[in-house]
Amino acid sequence: MASTAARPPLPPRAPIVPPEDLESFQQHLNKSTRILALLGAGLSASSGLPTFRGAGGLWRTHEATQLATPEAFGRDPGLVWQFYSYRRHKALQAKPNPAHYALAELARKKDGFMTLSQNVDGLSPRAGHPASQLKLLHGSLFDVKCSDFFCKYTESANYTDPIVPALEIPTDESDPTTISALEARAELDISDENVALPELRISDLPRCPLCKKGLLRPGVVWFGEMLPTGVINDIEKWMSDSAKIDLIMVIGTSARVYPAAGYVDSARAKGARVAVVNMDRNDAPARGLYNGDWFFEGDAAKIVPEILKSVIGEITEMPDAAVEA
Ligand code: BJW
């Protein structure tokens, strides 16, 4: 028979951010009208998506950043497509976490809040972040475009997974534990280098439907490529709309990639105080932190909803603005 004795009370939970930092940050947030956020891969880490550098930064035997170049695509488009096809698949399986929802809610509560995201995973749009307050600096995994310089074909919101049959995650039909291709797809992780990948022929890869000549490529910004002109212009306009910026939150990014990282300095030059949310205390912006800045150490998915609570209230379970089939 179950005991009826009362359980001893649980010890109080340690606060996830130091109360004095939380209080001073929230006082500043509450009165801020012009706010920026610079987002990076750490924001989506607790949604199960790997980051680029440090732990999780390897894909099979390749550095993720080495695959994100036009040269890598030119050399081995099959390998680069396998990398991006895997990332599209993982991003479609992932769900936005409380930090994505909290930032979307902050955008609804404060007109003067603008988010600059380096992420290409589609989780902020799926959390309902207002599009007019979200600038995707590095494009999207779900945009594709022709790799031929002279062809201007682009396509957005392409969620076909895999984008062509040859990029299907391989399943071993001879393995009796493989009950169905669907189940195997969920279990197999092609980032594991022990999973054999099929040899791809160029003719297996997605081809441009317009010029019929060039290969399609992911609509993301690779090293050495320009960020989308419209996005850069919108940000410059937002920056010059007022002489002052009150706050920039730098969330889950190593802040090492330019021009994105440069927005921290631009905001500071307009008076912004800087609040960093990161798992790693060494990953402060390149020019360091100043008096009056904040560093919130830990998982963005837990910290962001906590520090924004004074404006957005409690984040409850929200619907996923689902990707159309
Ligand atoms: C957590 C967490 C948790 C973990 N909670 N936190 C000036 C100086 C020097 C160099 C340059 C310069 N200007 C330009 C350059 C060159 C280059 C560059 O910046 N190089 C640097 C590496 C030095 N920049 C470019 O080439 C850019 N283009 C350009 O400038 O064009 C100019 C031009 C003009 C005219 C003609 C032609 C060109 C383009 C940069 C494009 C970057 N692209 C990528 C790939 C996108 C596609 C894809 O996703 O595959 O963008 S690279 C990769 O890095 C990706 C990311 O968006 C970006 C930033 O990475 P991020 O998000 O910061 O991730 P990580 O892994 O680095 O950090 C994760 C962080 O999270 C860590 O701090 C963790 O601790 C933390 N974390 N878990 C909180 N749970």
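Note: Cβ is positioned from N, Cα and C throughout, glycine not excepted.
TrEMBL lists His138 with the feature active site, proton acceptor. His138 (active site, proton acceptor) falls within neither a helix nor a strand when secondary structure is assigned with DSSP, and so counts as coil.
The C-beta environment of Cys151 (Zn(2+) binding site), restricted to residues of the same chain at least 6 apart in sequence and closer than 8 Å, consists of Cys208, Leu210, Cys211, Lys213, Gly214. Under the heading Zn(2+) binding site, TrEMBL lists Cys146, Cys151, Cys208, Cys211.
Per TrEMBL, the feature domain 'Deacetylase sirtuin-type' maps to 15-325.
Under 6 Å, Cβ to nearest atom of ligand 1: this is the test, and of the recorded positions His138, Cys151, Cys211 it is passed by His138. Here the domain 'Deacetylase sirtuin-type' (15-325) returns a mean pLDDT of 90 for the predicted model. The Cβ of His138 (active site, proton acceptor) lies under 8 Å from the Cβ of Gln118, Asn119, Val120, Val220, Val221, Leu227, Ala260, each on the same chain and at least six residues away in sequence. Other Cβ atoms within 10 Å of the Cβ of Cys211 (Zn(2+) binding site), summed over all protein chains shown, number 13.
Within the same chain, residues at least 6 positions away in sequence whose Cβ sits under 8 Å from that of Cys146 (Zn(2+) binding site) are Lys152, Tyr153, Thr154, Cys208, Leu210, Cys211, Gly214, Leu215, Leu216, Arg217.
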